[in-house]
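Peer 1: Right, I'll just put the structure down here and ask away after.
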Amino acid sequence: MGLNLLPIEMDDIRKRLDREPNEIEWRVIDAVWSEHCSYKSSKIFLKSFSIDSPNVIMGIKDWQDAGAVDIGDGWAIVIKVESHNHPSAIDPFNGAATGVGGIIRDIISKGAKPIALMDMIRVGNLKIRKNVWLLKNIIAGIAAYGNSIGVPVVGGELSFDDTYNDNPLVDVAAIGIVRKDKIKPSIVDKAGLKLVLAGLTGIDGLGGASFASRKLSGEDEIGAVQIADPFAGKIILDVTLEIADKVEAIKDLGGGGLAVAVTEMANGLGAIVDIEKIPLRVKNMNPADVIISETQERMLYAVEEKNVEEVCKAFEEYEYPCSVIGEITSEPIIKFRYFGKDLVSLPTNALLEPPKFLWPIKNVRKNVEEKNVDLPLESTIYTVLSHPDLVSKEWVYSQFDYEVNTSTVVKPGDANGAVVSLPNGKLLAIKADGNPDLCSEDAYECGKGIVAEAYRNLATVGARGMVAVDHLQFGDPKKPEVYYTFVEAIRGIGEATRFFNIPIVGGKVSFYNENSQGKPIKPTPLIVMAGLVQGKLLKNRVEDSSYVVLLGYTRKELGGSLLSKIFKVPSQAPKVRLQEDLLSSEVVIDAINEEKITFAKDISRGGLAASLFNIIVHGYGVEISTKSILSDTDNVVENLFSESSGRFVILTNEPEWIVEKSRSKGIVASIIGKVNKKTSILTIDNTDYDLKTIVNNYFNFLEEVIGNG
């Protein structure tokens, strides 16, 4: 049957049913109990994320399709992150496009209007032509769907590593807006509701949930990839928002198709579905395939009988299929029948409660012997600053319509965080962060670090983080070293979110990100954080003769850094000191509101050198004295490329104010240099380094490699 269930799971369900499931029931169980849908290897740990916060309307403990947070004035934002990693490795265009479609439907399932998308893409070495092809088509897929459906892509991440040569990661996050008294659940609480399905069911995406719950085999898996139809998606979006007041619950048909959607929506009650009433894209489909098909652009609604006609009439105006396919029952049994014959009859609770797994762990935290870095400064600067991770992503953003709906306040790439306007007049900042290199060194510190980095990034535009979602992407959880990094990353994320009092209201776990030889990707947890601008918004600008202030203390912590990755420098991973991140962020927000700074950049990938380079690409030069850097090392390379957390580069005309404000908060700050008009020149301790070639690479790299690829 090609099932992905373990023998112990098959024995478990036999005991619960006291019989052997039939072949179709096995396929339903395989989908509902898949790692992708059930979180059977992770759910016990995810519960540690729950934070009771008065502004959380719908959080992780509610286990719904998206989280919702009160933002005041009767409004709420809805936030979700998802991925389409496996499909994008096989069919990058449709894999990425359907990822966008799926996340949008998760948002509208809450009755919310999507207002922003973010894409976080990780691919392999661009010297390999396949990776160029993958990236080009991933970007095209995201653009095709987002642009067609009218939701702006306002920011994201793009990075490169050999670990993703066979396993690209394609994450998409979405934000929606809704009146908080209009939020819709994805589950029901009473029987008698009619199940209404919008959309045609086809043979694409068969076994997609199971496909996403195992490693890529290298065999022909194209049938598990769904096909995107953004114009149908636009109809689903518009009509769902139109009829939201007429339905009791809304559920996107994603992984596992109707098998999962019906089971989860029933929420411990039961359901009867008549397969012959389901509108089909392909004639004479196998009933079992109909149940688990993951055809896109479909939604399931639980509707009072009196409202069914009005709901379907709204779809009929667009000539979009809509049909009553069943109903919610009080008997806790999920039934799929075909012309009156039961093909599936399984207890709801048995489906919703798969066996939970705690796999063995093996400590893989590295003990590294520190050595002094002995690298030539000039070539090190050129090599690190030329890395693809640090180049402009303008070519990517130019493929997206990021100004549709006119809610985008900060153009992608112009700041550390995206900013969109809300109906209540407030500004919402959004940022995504991950750090797989650090996670490879110390997953616990990485978990803390990505939360802290997202928090700092929001501070650079004047916002304070208030809510987050996470996406945890790892290899096979049954491998002790993989499961260890997963558990440690969760421990770090949980500690940091509790420290900042930021509730995680949802997320996703993606295991089995491995190639056909079983080699896992680097552990890649991701945080998407949102927060309201606290007063004034900072749009970075560079002015001649501005002072360069380094906020925070620099440490010889090069493990997991870009320098360490390129030059194989042995060093300890940075210890994330959350108090320093919090206090330095507060200084930045205060300085923005007092209009004391014109530019703020958190120090992360590439260290201080990369942050200074971010000033230079605005058409200026920068001169600094490394003797002014407050640090535990006098090694210039270590000071320039350390990725210690809790630090910012600030441009100001009142440097003493910044230093004094920092001192009052209990953190350090130092005036390390000035901006000048020596275009593309970085001056370090009175020595000039001409970065014209690096600046040219910064602006043109992606277009030359991908646009002409």
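In case you wondered, yes, glycine gets a Cβ from its N, Cα and C as well.
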Peer 1: Can you tell which of Tyr39, Tyr145, Tyr547, Tyr553 Swiss-Prot lists as binding ATP with Lys80, Asp470, Gly507?
Peer 2: Tyr39
Peer 1: Swiss-Prot has Ser83, His84, Asn85, His86, Arg105, Gln226, Glu294, Thr295, Gln296 down as binding substrate; which of Ser421, Ser440, Ser510, Ser516 does it also list for that site?
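Peer 2: Among the candidates, Swiss-Prot records only Ser510 at this substrate site.
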Peer 1: Name them in sequence order: residues not among Tyr39, Lys80, Asp470, Gly507 whose Cβ is within 8 Å of the mean position of the Cβ atoms defining the ATP site.
Peer 2: Leu46, Ile60, Val81, Val469, His471, Leu472, Ile504, Gly506, Lys508, Val509
Peer 1: At the Cα level, what's the spacing in Å between Asp106 (Mg(2+) 2 binding site) and Ser83 (substrate binding site), rounded?
Peer 2: 12
Peer 1: Cα of Ser83 (substrate binding site) to Cα of Asp470 (ATP binding site): how many Å, rounded?
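Peer 2: Cα-Cα, rounded: 11 Å.
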Peer 1: Want to know which recorded positions, from His36, Lys80, His84, are within 10 Å of Gln296 (substrate binding site) at Cα; which are they?
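Peer 2: Hits: none.
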Peer 1: Quick one: which of these binding-site residues, Asn85, Asp252, Asp470, Gly507, have their CA within 10 A of His36 (active site)?
Peer 2: none
Peer 1: If one looks at the chain holding Tyr39 (ATP binding site), which residues at least 6 apart in sequence have a CB under 8 angstroms from its CB?
Peer 2: Leu46, Val509
